[in-house]
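Listed in Swiss-Prot:
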type	residues	note
BINDING	C27, C207, H237, E241	Zn(2+) binding site
BINDING	K272	ATP binding site
MOTIF	29-39	motif ''HIGH' region'
MOTIF	269-273	motif ''KMSKS' region'
Amino acid sequence: MFIYDTKSKQKVPFEPLVEKKANIYVCGPTVYDDAHLGHARSAIAFDLLRRTLELSGYEVMLVRNFTDIDDKIINKAFKENKSIQELSSVYIESYTRDLNALNVKKPSLEPKASEYLDAMVRMIETLLEKNIAYRVSNGDIYLDTTKDKDYGSLSVHNSSMEFSRIGLVQEKRLEQDFVLWKSYKGDNDVGFDSPLGKGRPGWHIECSSMVFETLALANAPYQIDIHAGGADLLFPHHENEACQTRCAFGVELAKYWMHNGFVNINNEKMSKSLGNSFFIKDALKNYDGEILRNYLLGVHYRSVLNFNEEDLLVSKKRLDKIYRLKQRVSGTLGGINPNFKKEILECMQDDLNVSKALSVLESMLSSTNEKLDQNPKNKALKGEILANLKFIEELLGIGFKDPSAYFQLGVSESEKQEIENKIEERKRAKEQKDFLKADSIREELLNHKIALMDTPQGTIWEKLF
């Protein structure tokens, strides 16, 4: 297995801390709003990583957190006259629904920052004891980044650009020093009683503490195999996580860092500040979750994905081919084609080279359709095809529906009954040799984007996009 490590900026062999075990931490959402397509892409990218590792024989522990203590959450909660727990729980449920619709496997653990305050306080106390952290007059605690000679080694950031965005806080020693603990400021603030005084943790200390508390190993209590997230988290979030871990415990937080690329809308980075966020729940109103997943995984995870509906519909044709083949076969699951399994898995083991994997898939779909044309009753062939498709379902998370359900997506139960009635009416017309009426019914349904197909088993139908 080879992965691209952001820190070393090269593709490297994956050599976990414990043989054939992989522990992965993926930065999850700050739950103050609904999740957008950027969140979806990150979740799908590292779901593919997990699936690939599992099918390669690794035991995977994947943790994805919820940041439920944050300025944005506090501000919105006060505006809506809610507690931060009430507000965050709404968006945690929304995020979970969205990812279920995208067929993202449930993480091994989903910790909330609010559940690990004691661990955060202990880590800050360690940094204070080592004289690496300092307190300013308003009670806030910052980390002195000059104490970390490797600061900036992960992101190699443009400091003048990034720090001007962060802004200078009075009494900070340097602009890049970052907050570990925010003291309670009174009205319209949230604070927790602690040995550090009443207050709340900074964003970066939250994730580091959750990493150690959920993924600690006996031989590496402060290091994990892979820390992953969106490219927008590289600086300052991941840089600061790595920094405070080195300062507190003298080790690198992760052996490998992985980052997925941005999602652009009309060639512009999607962000709430630009007002061009595309929420997952809104996309799901127009497209089934499997169709969205298929589209979002079709571009290599490190590349920028420029979202547009034309490309989405083109990518849907790949799903159509999977289900067309699935429609042709039934029976008992057979043995997978070993060459197909080896070839497609090797593609994914090469830093999730999904483009190459999809090319292998397309080739398999074409060749097996040809074999079926020549041997339509070959049970062994059908069993092999079913096994191949089952492996695709496990590896890529697509192709898991019944074909009739897939081709009838977006049609209500009452509409289905109306269509079946029309099909029955057409059948009677054909029996009575009234082919003009039969053709008229077909055209009527086609005008409503319902296509009829006559097969030896009877007439079937599907919804056109």
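Glycine too: its Cβ is placed from the backbone N, Cα and C atoms.
Within its own chain, the motif ''KMSKS' region' (269-273) has Cβ neighbours under 8 Å at 33, 36-38, 262-263, 307, counting only residues six or more beyond its boundaries. If you average pLDDT over the motif ''KMSKS' region' (269-273) in this model, you get 74.
Ranking the binding-site residues H237, K272 by how many Cβ atoms sit within 10 Å of each one's Cβ puts H237 at the top. A Cβ within 8 Å of the Cβ centre of C27, C207, H237, E241, the residues given for Zn(2+), is found for these other residues of the same chain: W203, H204, E206, S208, H227, G229, L233, H238, N240. Secondary structure at C27 (Zn(2+) binding site), as computed by DSSP, is coil. Counting Cβ atoms from all protein chains shown, C27 (Zn(2+) binding site) has 23 others lying within 10 Å of its own Cβ. Put simply, the residue listed as 'ATP binding site' is 24 Å from E241 (Zn(2+) binding site) when counted between their Cα atoms. Taking all protein chains in view, 27 other C-beta atoms sit within 10 angstroms of the C-beta of E241 (Zn(2+) binding site). In this structure, the C-alpha atom of H237 (Zn(2+) binding site) lies 18 angstrom from that of the residue listed as 'ATP binding site'. Cα separation, C27 (Zn(2+) binding site) to the residue listed as 'ATP binding site', rounded: 18 Å.
C207 (Zn(2+) binding site) sits 22 Å from the residue listed as 'ATP binding site', taking the C-alpha atoms as the reference points.
Summarised by DSSP class, the composition of the motif ''KMSKS' region' (269-273) is 0 helix, 1 strand, 4 coil. The Cβ of C207 (Zn(2+) binding site) has 27 other Cβ atoms within 10 Å, all protein chains considered.
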